[in-house]
Amino acid sequence: MPTIQQLIRRGRTTKASKTASPALEKCPQKRGVCTRVYTTTPKKPNSALRKVARVRLSNKIEVTAYIPGEGHNLQEHSIVLIRGGRVKDLPGVRYHIVRGSLDTSGVADRRQGRSKYGAKRPKGAAAK
């Protein structure tokens, strides 16, 4: 416990909070170019082939980003939009690709949670 005199001399230091997505540089999203699109396997209790992409952002930082949803049209040199958000069972994947923006298509035949996957409202949707 500091004395009042020590506080006058030095003051209290505020602890700087560490960001979970440093490559975004405090931006909500960043644009980037896919340098490699591949699948990888998740951590221990889970088993799958998760679709990920290595992306070089507009600020020259290279990150690994997850491609959400079923099926995608991404390949090398595709322009993508990156948002924050890690994938718990993929170590080192701290970003998500935004579906339905730039070169990334929305998920086809998606009916629920469409806005998260860039899917348009289906034509035969009944009026509520």
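Note: Cβ is positioned from N, Cα and C throughout, glycine not excepted.
Residues or ranges marked as compositional bias 'Basic residues' in Swiss-Prot: 113-128. Sequence annotations record features per position, and here Swiss-Prot assigns 3-methylthioaspartic acid to Asp89 based on similarity to another entry. As annotated by Swiss-Prot, region 'Disordered' applies to 101-128.
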Could you break down the residues of the region 'Disordered' (101-128) into DSSP helix, strand and coil, giving a count for each?
-> 4 helix, 0 strand, 24 coil
Looking at Cβ-Cβ distances, which residues of the chain lie under 8 angstroms from Asp89 (3-methylthioaspartic acid) while being 6 or more apart from it?
-> Pro42, Lys43, Asn46, Arg50
